[in-house]
């Protein structure tokens, strides 16, 4: 009874919080966080005639802001917290797996950490962190004042904190067992677990899905209607193309996932039989889940592809090779991603003729990805490479993406998948993509845009130490997982036979290297934001030399050179002030240019 009362109380509190957030944000037009300028942004979506107050000070600013840049920072902070939660979870798991027997944590806690890690990294870190960069930079890249629906933008973010609390409720509320379903929530296991943490996790996933859907609508409307007069479709940058495609995928995938979650909740709590053996079919859940789940992989990877396609040419001294083909391949991936879901189900006994068709489409979707890899490598070929931190992470992205992609092609072949299904090979392949590729692209973006966001430069040596530690750690961990998979080690087990101990210990060492690299990144970002040397140029990457000075950096130049900022009327910091107030030019410090 106490457990039921605790879950009901938490649910009521979350509902009250959501109602309060909606009520407050619905009255925020007078608190709008920017004042449109006639010479900065505008175009098709220019909003003239508005007069808005300046931003309130302190914490009130962050609770009431509807400025796309502030919301982008909120998404970034939220994603970083989620990344820390998921990272600590996996380090506990890998510490347990350093030995073949149970030593540190119980199998039930291991399963709870496994579930929390997967859902946190995919739904609370991956999608929100991409939204962070999209919110901050898409309006700048397309020369818009703000997102098309600023208040909806704020609501979409504020749905995420209660969603995270619900998802993590099994760890936060004493007396209830953690959800132990893995991130796939396969039936009948997810039906038979009696813990209310499973229901609260599903409600939290609903909130994250609604948030992502609202954000997708906003990105589509912004890119279609808010572009500047000089930004036509042929002029649209590659990051905006990938965000547009991603948003389309979200609109088709996430509502279906929400419907499947409702059916699962009804089965668990109201006696329906959608996924039970008695009246429905447990395999039906897998069809619904993977129809969402595989497009979700591309929801996560397409914007990082766009980030790499945007940043890599800047430090290659050449424009992106085959820009149109990169766009076409992005759209092709978006279409094909909905036709491959059953390759996750080759072992479930589906009709062999259906399996063959899904194998063919799964092999076909590798072609547009290969086009992108070819274009990235060709862009660097004979280029004047500058190995700054953003460029190093882009190169690391390409390397990890090739390994993750090639190992995925093998899994698309039915006879091979029947052997490797549900082994550590699948885990290694997937993590080469979700951390080795997606994570590296997000790190590249954080370094590339850091001077624009903060007006300061990060520390070069720390950034390079971050890269090499992350590269070595990720390859040690995920190559060891591929090795384990070839040996037949199944996934999702806290104990194993001793013959797998060496590979598991290597993976554990690599995981801790990844943890150290992340701490280096956090320290670099935090200290450089507060006391890093101010950039002495509005073109810190010398993009004008190669004719790659884009709209986002034009906004940064306008902000630095005008006395009124587009985000609230504060006085701008001139270049002279940047030198006389104690900052040092980036060229004379331990920073990159």
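Each Cβ is built from the backbone N, Cα and C atoms, and glycine gets one as well.
Computed from a predicted structure; not experimentally measured.
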Candidate ranges 467-487, 530-550, 551-571 [criterion: Swiss-Prot lists as transmembrane segment]: 467-487
Annotated transmembrane segment segment (source Swiss-Prot; candidates 71-91, 92-112, 176-196): 71-91
Given ranges 425-445, 446-466, 572-592, the stretch to which Swiss-Prot attaches the annotation transmembrane segment: 425-445
The annotated transmembrane segment range in Swiss-Prot, which must be one of 49-69, 154-174: 154-174
Cβ neighbour count within 10 Å of residue 117 (Fe(II)-heme a binding site): 21
Candidates 122-142, 154-174, 288-308, 401-421; stretch with most C-beta pairs under 8 Å toward the transmembrane segment (204-224): 154-174
Cβ contacts the transmembrane segment (122-142)/the transmembrane segment (401-421), at least three under 8 Å, sequence gap 6 or more: no
Tertiary contacts of the transmembrane segment (288-308), as residues 6+ beyond its ends and Cβ separation under 8 Å: 122, 126-127, 130, 133-134, 184-186, 212, 238-243, 245-246, 249-250, 252-254, 256-257, 259-260, 263, 330, 333-334, 337-338, 340-345, 372, 376, 394, 397-398, 433-434, 437-438, 440-442, 444-445
Number of other Cβ atoms within 10 Å of the Cβ of residue 431 (Fe(II)-heme a binding site) across all protein chains: 22
Result, the transmembrane segment (71-91) in contact with the transmembrane segment (154-174) (3+ CB pairs under 8 Å): yes
Spatial neighbour of residue 343 (Cu cation binding site) that is closest, considering only the binding-site residues 117, 429, 431 and their CA atoms: 429
Sorted by sequence, non-294, 298, 343, 344 residues with Cβ within 8 Å of centre, Cu cation: 290, 293, 295, 297, 337, 340, 341, 362
